[in-house]
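> So TrEMBL has the following annotated:
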TRANSMEM  16-35  transmembrane segment
DOMAIN    48-224  domain 'Thioredoxin'
DISULFID  Cys86-Cys90  disulfide bond
BINDING   Cys86, Cys90, His187  Cu cation binding site
Amino acid sequence: MKTEALDASGLDWLGGLTRALLAVAALLGGVWLYARIKSPFAYFGTTYDSRPLAAGFSATDQSGQPFEFASTRGEVVALFFGFTRCPDICPLTLNYLRKAKEQLPADVQDDLRIVFVSLDPERDTVAQLQAYTNFFGGGLTGLRLPEPQLAAVAKSYGVGYAKAPIQPKGASASSGTGTSGNYAINHTTATYLIDREGKMRLVWDYTQLPQLDRVVRDLRQVLKE
């Protein structure tokens with residue numbers, strides 16, 4: 001009888017230990033789950049803490065139709081400012097964005113709009129914008145604004161730009177060629193991501209865009225919200 005009593009006591013002790021371990025495991029599991037839910041998503045791009053509303057504006061699109069930026073509400077927008085005669089950064093940026101869009105799930109690709117705002121209204125006519133956007137296979141909205149509206153819109157997004165005269169070979173700086181037509185545009189090379197509510201969410205620097213997997217990860221997160 002004494003042996004049986006000890007065996008029962010041992011079983012009670014083991015049972016209590018098992019219950020305690022299960023309780024600890026459940027507690028740790030709950031802490032882990034809570035941390036997973038509460039931890040902020042680690043974006044690749046630089047985020048806006050206050051998520052300000054993106055500035056609205058009116059423009060003309062590549063088809064010559066009036067375009068209100070407010071009409072993009074309900075879509076996620078990747079916004080880039082550049083010019084069609086840009087030899088490198090602009091076409092590369094738009095190509096990276098196009099590739100990132102193609103890597104999204106098919107059912108959300110149409111929810112991402114890529115918008116290109118020209119910083120060169122003098123040369124980027126509607127016809128020029130249409131030819132340029134068509135080069136990227138469609139799915140790109142090209143916009144044109146006249147000055148001084150363009151300057152105001154660019155400033156609202158923190159975009160700087162200025163003409164940079166290109167001197168013909170053999171010409172001197174004092175030859176009087178000026179910026180009559182042979183010039184480039186020095187400009188901010190960032191891409192701005194705006195969510196469905198029209199709020200500024202993050203900025204990608206041009207040097208980040210080649211890391212498509214991380215760009216796509218950011219896009220998927222904002223698109224699912």
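Cβ coordinates are placed from backbone N, Cα and C, and glycine is handled just like the others.
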> In sequence order, which same-chain residues at least six apart have a C-beta under 8 angstroms from Cys86 (disulfide bond)?
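Ala184, Ile185 - these are the non-local Cβ neighbours of Cys86 (disulfide bond), listed in sequence order.
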> Using an 8 Å cut-off from the Cβ centroid of Cys86, Cys90, His187, can you name the remaining same-chain residues around the Cu cation site, in sequence order?
Phe81, Gly82, Phe83, Ile89, Thr93, Leu119, Ile185, Thr189
> Mean pLDDT for the domain 'Thioredoxin' (48-224), rounded to an integer?
94
> Starting from the Cβ of Cys90 (disulfide bond), draw a 10 Å sphere and report how many other Cβ atoms land inside it.
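For Cys90 (disulfide bond), the 10 Å Cβ neighbour count is 23.
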> Can you give me the same-chain residues 6 or more apart in sequence from His187 (Cu cation binding site) with a CB-CB distance under 8 Å?
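His187 (Cu cation binding site) has long-range Cβ partners Phe81, Gly82, Phe83, Leu119, Val159, Gly160, Tyr161, Ala162.
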